[in-house]
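Listed features, source TrEMBL:
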BINDING   Gln88, Phe89, Ile90, Asp142  (6R)-10-formyltetrahydrofolate binding site
ACT_SITE  His106  active site, proton donor
SITE      Asp142  site 'Essential for catalytic activity'
DOMAIN    318-392  domain 'Carrier'
BINDING   Gly627, Thr628, Leu629, Val630, Gly631, Gln632, Gly647, Ser648, Lys754, Glu801, Ser802, Phe803  NADP(+) binding site
ACT_SITE  Glu670  active site
ACT_SITE  Glu670  active site, proton acceptor
ACT_SITE  Cys704  active site, proton donor
Amino acid sequence: MRIAVIGQSVFGAEVFKLLRKNGHEIVGVFTLQDVNGKQDPLALAAANVGVKVFKYSKWMVNKKVIPEVYDEYQALNAELNVLPFCSQFIPNEIILFPKYQTIIYHPSLLPCHRGASAINWTLMCGDKKGGFSIFWADDGLDTGPILLQRSTFVDPNDTLETFYNRFCFPEGIKAMGEAVEMIATNRAPSIVQPEEGATFEPFVRKDKVQINFDQPAAVIHNFIRGNDKVPGAWTLINGEQITFFGSRLWSRLPPRGIQVPIDGVKYSAIVHKDGMILFGNDGKMLNVSQVQYSSGKMIPASKFGKEDSSTQKLELTPEEVSMENNLKAIWKGILNTDIDKTLDFFKAGAGSMDVVRLIEEIKVSFDIKLAIEDVYMNPVFDDLMMCVIRRGRGIEDKEPFTYDAVEIEANKMKLKFPHQVFIDNEFVDSSDGATYNTINPADETVICKVSKATKEDVNRAVEAAKAAFEEGEWSKLNARDRGMLLFRLADLMEQHQEELATIESLDSGAVYTLALKTHIGMSIQTFRYFAGWCDKIQGKTIPINNARPNKNLTFTKREPIGVCAIVVPWNYPLMMLSWKIAACLAAGNTVVLKPAMVTPLTALKFAELSVLAGFPPGVINILPGSGTLVGQAMSEHPDIRKLGFTGSTPVGKTIMESCAKANLKKVSLELGGKSPLIIFNDCDLDKAVRLGCGAVFFNKGENCIAAGRLFVEESIHDEFVQRVIEEIKKMKIGNPLDRSTDHGPQNHRAHLQKLIEYCDIGVKEGATLVRGGKQCDLPGLFFEPTVFTNVEDHMMIAKEESFGPVMIISKFIDGDVNGVLQSANNTEFGLASGVFTQDIDKAMRVADSLDAGTVFINTYNKTDVAAPFGGFKQSGFGKDLGEEALNEYLKTKTVTLEYK
């Protein structure tokens, strides 16, 4: 067909190109006059291929068609007028002249939202469904019969830009092509518009879009997004017109931030790190991401009322001065006008496609990548020039990461670490401002005050973690990029290894050399190990019976669970955190972690390093506080889908019950132990004594897999005991920061008191206290390494773990392998175990028979990040470390498809 295209914009240009591609002859294009010498995209597209272009300032005078215009149009002998996007008033004589008359694109589902601001009103009215119509033009305003319509859902947070770009633009171009084909093949319907449901709304102008806050938040949200970015809904703050953009409904708790009164409005706005919260009269909220001052300057809403570093002038180098001249040339090429430092890009006639062109030309000319928002935020030439310079220097406009640090000197170094709860990548006070003292067990002095998290803090942390998992940057990361973040975090932990070890020693009493190698060293290894797993988590293809004659394909996907809670103990504060968090994050989850109340500091320092490593907000949240409050709130929270816990068996049972009652969340538990260590008379006795002491006294006995009971064959029993005593005498007890110290203080006073009571019970039950059993005569929480012999199966100390430096020794008759195995397995715990013998057959038989998650043969405490770790029976279930740990933080989805 011979077609006249009447309209403007990129949309019109794309329709023009599609019609030509489909074989139609475009006999003429009618569009707007040039602005500052710059052609409309439709005019440019037509001129590039030699199609006649007509640019009338107007078609009519006194409501009558201008004869010269009409004659020029008639001479083209068009069979159809296509108006893809047209702001001009076209005379009826032009509309009705062609054989097939005229079709028009309108961005609403007619008869609803007639008028020039249709998409605005679709959003302002909160329509659940939107779209566009292509209709036959008549003498009314958007009243002609419908040729075709296309519709889609309207997302609650769609803006003019997102809805147009997602649907109206791409689908509208295709539909215009389809409509013309229907006309060309005589298949085009003409459906009279019903008057029922018909609406006509006025053109939206800036002076008409002041926000009325005496409405529900959803209505205000629709009003703002319906005017984003043109013309922009506004209000008055301190008498200045402030325009809002990027509105989203806010269903989370009110954020912490700076309150900003709005002129004549009951509720103040809240400026926070993610924008500005506005309230409706129903108390509900919406969040805007950008604001614009009356001067035209646009800034992130999070910076409103704050000093804006992006506005500070920079001293330019000679090279940067030449960049300024080049940027002026780029602007002039786009805007076709003289450029001065005060020129506004958009007021000079630039559109969205010009923004894309500007960004690309800056990238090619300067090798500097701007974001689209950089242009919108800096529309004035001088502002954009400063933005380009800042990006070229590697300066971002993000607010610097700061926190209220505790600064002390210890171990001949200056320490700096956080003391507040960590939520959504911010350190903040607990919701009620409560704090508690964390104590140095070496001398019982206060290290610092730590924020004590509340149930509200749990709710905020879970909200942040859920948002990060479902819609944040974390949810969009490739698996390999996720691994790179974990590697980067491990590198930072290594750079801060001595600082972390010192904090760990101060807070938990760990001997510094052990903290350096094990507490921190293994933590680093754990993150590197699981970083390598990130892009190797994969499903399987499974052969199933085909639904003949068709075929089926079944495969599984391994997916993250969602928001996970982790509760870790006080004996290895950072290492237990790392064992669980590394696998959790590698699987793609987000996490809320509660460190032990008595040892929160390395967890908080870890949180600081996670921000420096680049982890997005909400991925990691750390809440120091009590288990009965914070831990219980996590167990009961409906949005937490997995809880991993390391601690005592009674608490583990409570957690499991709460998780089941709340929402049947997945649970993994690493609980108490009473690990047997069997020492046969054919062992390497020197090694057995040395490693046997390590099995009990390692980390002051505060070790989940500590050998809780040693079974020593009768013929070597006395010599073994004597050698152990000699080894204990060599131990240096004292300041854990002293490099020569072997044995540090117990973690906290309540635990020390339990050890004293434990030993008293052992004596009362008839066991022989060979050494120790009491607090050292030193300041601080030091407990003497203790040895009991003649311990029988019925005694409490034979059944319950001390979780301290207490060696429990029982002798067994030479050769009675079955008897000692029966005693060793006669416990409700099954975390670890060990055997020393040079008879490999005996060793393997014992290993097969011991009912424990880990068996050590001729070694002890030899854990590795690649080897799964976890217990049996009341020592819990689930694994840390190794590939199996990933299973605790993944779910398997089965997908079956059918094909021919």
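Any Cβ shown, glycine's included, is placed from N, Cα and C.
These figures come from a predicted structure and were not determined experimentally.
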Tell me, which recorded positions from Gln88, Phe89, His106, Asp142, Glu670, Cys704 are within 10 Å of Gly647 (NADP(+) binding site) if we use the C-alpha atoms?
Glu670, Cys704
Candidates Phe89, Ile90, His106, Asp142, Glu670, Lys754, namely the recorded positions, that fall within 10 Å of Cys704 (active site, proton donor) by Cα distance
Glu670
Residue from His106, Gly627, Leu629, Glu670, Ser802 whose C-alpha is spatially nearest that of Gln88 ((6R)-10-formyltetrahydrofolate binding site), among the recorded positions
His106
Around the Cβ of the residue listed as 'active site', how many other Cβ atoms lie within 10 Å? Please give the count over every shown protein chain.
28
Sequence gap of 6 or more, Cβ distance under 8 Å: name the residues on the same chain that satisfy this around Gly627 (NADP(+) binding site), in order along the sequence.
Val567, Lys594, Met597, Gly647, Val651
How do the residues of the domain 'Carrier' (318-392) split into helix, strand and coil according to DSSP?
51 helix, 2 strand, 22 coil
Tell me, how many other CB atoms lie within 10 A of the CB of Ser802 (NADP(+) binding site), whichever protein chain they belong to?
24
Sorry to bug you, but what's the C-alpha spacing from Leu629 (NADP(+) binding site) to Ile90 ((6R)-10-formyltetrahydrofolate binding site), rounded to the closest Å?
71
Rounded to a whole angstrom, what is the C-alpha distance between Ser802 (NADP(+) binding site) and Asp142 ((6R)-10-formyltetrahydrofolate binding site)?
84
Given the binding-site residues Phe89, Leu629, Gly647, Lys754, the candidate whose Cβ has the fewest other Cβ atoms within 10 Å is Phe89
Residue among recorded positions His106, Leu629, Gly631 with Cα closest to the Cα of Phe89 ((6R)-10-formyltetrahydrofolate binding site):
His106
Which one is closest to His106 (active site, proton donor) in space, judged by CA to CA distance, out of the recorded positions Asp142, Leu629, Gly631, Glu670?
Asp142
Cβ-Cβ distance under 8 Å to Asp142 ((6R)-10-formyltetrahydrofolate binding site), same chain, at least six residues away:
Ile104, His106, Leu110, Arg114, Gly115, Ala118, Phe135, Phe200
Cα of Lys754 (NADP(+) binding site) to Cα of Glu670 (active site), in Å and rounded, measures 21
Distance between Glu670 (active site) and Gly631 (NADP(+) binding site) at the Cα atoms, whole Å?
15
Once the chains shown are all counted, how many other Cβ atoms turn up within 10 Å of the Cβ of Cys704 (active site, proton donor)?
24
Other CB atoms within 10 A, centred on Gln88 ((6R)-10-formyltetrahydrofolate binding site)
16
Counting across all protein chains present, how many other Cβ atoms fall within 10 Å of the Cβ of His106 (active site, proton donor)?
22
